[in-house]
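Reviewing the structure listed below.
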Amino acid sequence: MAEKCSEGLLNGAVPGERSKQDKSVKRGNWGNQIEFVLTSVGYAVGLGNVWRFPYLCYRNGGGGCYGGMGFGGPKRAGAAEPCWGVQGAARSHCGLCLPGAFMFPYFIMLVFCGIPLFFMELSFGQFASQGCLGVWRVSPMFKGVGYGMMVVSTYIGIYYNVVICIAFYYFFVSMTRVLPWTYCSNAWNTLDCVGVLDGNLSSHAAVNLTRLFNATQKRTSPSKEYWRRYVLNLSDDIGNLGEVRLPLLGCLGVSWVVVFLCLIKGVKSSGKVVYFTATFPYVVLTILFVRGITLEGALTGIMYYLTPQWDKILDAKVWGDAASQIFYSLGCAWGGLITMASYNKFHNNCYRDSIIISITNCATSVYAGFVIFSILGFMANHLGVDISKVADHGPGLAFVAYPEALTLLPISPLWSILFFFMLILLGLGTQFCLLETLVTAIVDEVGNEWIIRRKTFVTLGVAVAGFLLGIPLTTQAGIYWLLLMDNYAASFSLVVISCIMCVAIMYIYGHRNYFKDIEMMLGFPPPLFFQICWRFISPAIIFFILVFTVIQYRPISYNEYVYPTWAISIGFLMALSSVICIPIYAIYKVCHSEGDTLLERLKNATKASKDWGPALAEHRSGRYAPAFSPSTESHLEVQPLHPEKARNEAAAASPAQGSNGSAHSQDSRL
């Protein structure tokens, strides 16, 4: 008994409340809370933590050490000096290490926007035990927000798995004695290709190589030509699809098969897989970090990553990039957080989980920066060039710059295999949740026993559709379409969706109602800080991100290629396709709501439905005490501990059930 009480308190159960069945037999639950935390970490920690955050931190000023006696050490143009000597040794007068020009707004946005929104979505899904569609029983008019989340997750799921398939391809081709992008002696190489390990590279040629880097910039690396001319066989225009790259198509099939097999039994199977997929990337990061910091020039790379540029602290772009990175990295407004939390037990302490997962995500981003820039610093030192010439982000970092740096290491195929295996695992962790978001939304929306028993077939259908829709991204123009989707399909639309979600919960449903719901679930109301953030600060920050995104908008380009107007128009249509769901469904709901006037219809459309609340009947107390009408009974899962005894008691009490049940219901709502 003591163990059960202790377990209940650890899970956030209300002290003094009688023991209740806290599992949903109908939908299923996580095997334990570790599975949920690891899945959420895998969902939040993705490719962007490795290939976007370090570059943003470097580009926007990074961070550094600040001491009471000032800064010391070498200085780069426009940057404050770090507390390091010329040889990299820490100076004795160096003071406390503090966040720099980018890390400072990054952590500010994490505290005031990232963690509060993360907690809101987790608590939202956990309280109702529903996916991104079912939770909008809280205010049916805003169900379009859930559809918008589904559209966003669909777009991201399509192109995200293509990135994973490219990582699979590099992983497979790395299983060789010599990496194929090491030398310039291949059929796909041009006369401009200059490899740092070419056997005929004399000292004179090495000087010319440095001159090419620092002046003409005409030199192309073997890894870049391998990426553009062999892996992608890149076409000259986004409209020129060319042929399907069969190796990539095969790897895309492998990616979707792996995702499907891991989700074949829903959270019961994926919850076991994440023990490996969410933890092993940290093992690989640590191995690469230890190897990286032992290389000559690694400290130079790390200093470029960390050295603060305090003049940028007032630059709105720095704050906008920080807010956008927090927003995108944590996966807010994708629907995945709501979905994953919906499989929690009702009394799970999601407040604790939200803080743990958010901090883990951001710490991983910072840690990955050390891994990336230690290797890039070594590469820049080896080539005798400034690190800005080799620093990159996105596909350019993952498939060009970093692979080229790996060729300089002894046993380079081993390090390449580890790196791309890490990218695969990081991508799969996010992809699991994207697919589960769509499947859960479909199954919850239909809601009958037939589709619940056939959830595996729904998963298979979504996976097959994702594979077919991803085929155009494996063509010669596929990278153009992938970047178009990445820049438009999940950009400002996420901000709009999140902002409307905050307004709907805090001001339409009512902040007092929501705070009481959380207290009923966790045993304590949300802390005052979160209450203030949800009502005022977080929506204001989200609005700032939206304004910043509009002001800072620049047409997309890929290297020297500028996208045509028609392609950019398609990008905007993809962005609008998720946002447009909100007003369309709102109009539909108002038109089909009861009421003689528009105001009455509007009130009824925004009012919480009768089946809003905890999914299990034993958790519906107080204002959620069920009246057991047919409409509500169909959505509740009643699980008596002793079925035979319950039926006998119900039969004996049937003559007086109407009056007693009614009186109990009225008393409970007071």
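Glycine is treated like the rest: Cβ placed from N, Cα and C.
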| field | Bond partner of C184 - disulfide, per TrEMBL - picked from C165, C193 | value | C193
| query | Which listed stretch (279-306, 456-482, 528-551) has the most C-beta pairs under 8 A with the transmembrane segment (414-435)? | reply | 279-306
| note | Integer Å value for the Cα distance linking C193 (disulfide bond) with N49 (Na(+) 2 binding site) is 31
| Between the stretches 279-306, 326-343, 563-588, which wins on the count of C-beta pairs under 8 angstroms to the transmembrane segment (488-508)? | 563-588
| Would the transmembrane segment (103-124) count as touching the transmembrane segment (528-551), i.e. at least 3 C-beta pairs under 8 angstroms with sequence separation of 6+? | yes
| Using a 10 Å radius around each Cβ and counting other Cβ atoms from all shown chains, which of the recorded positions A44, C184, C193 yields the largest count? | A44
| Around N49 (Na(+) 2 binding site), how many other CB atoms lie within 10 A of its CB? | 24
| task | Report, in whole Å, the straight Cα-to-Cα distance of C184 (disulfide bond) from A44 (Na(+) 2 binding site). | result | 38
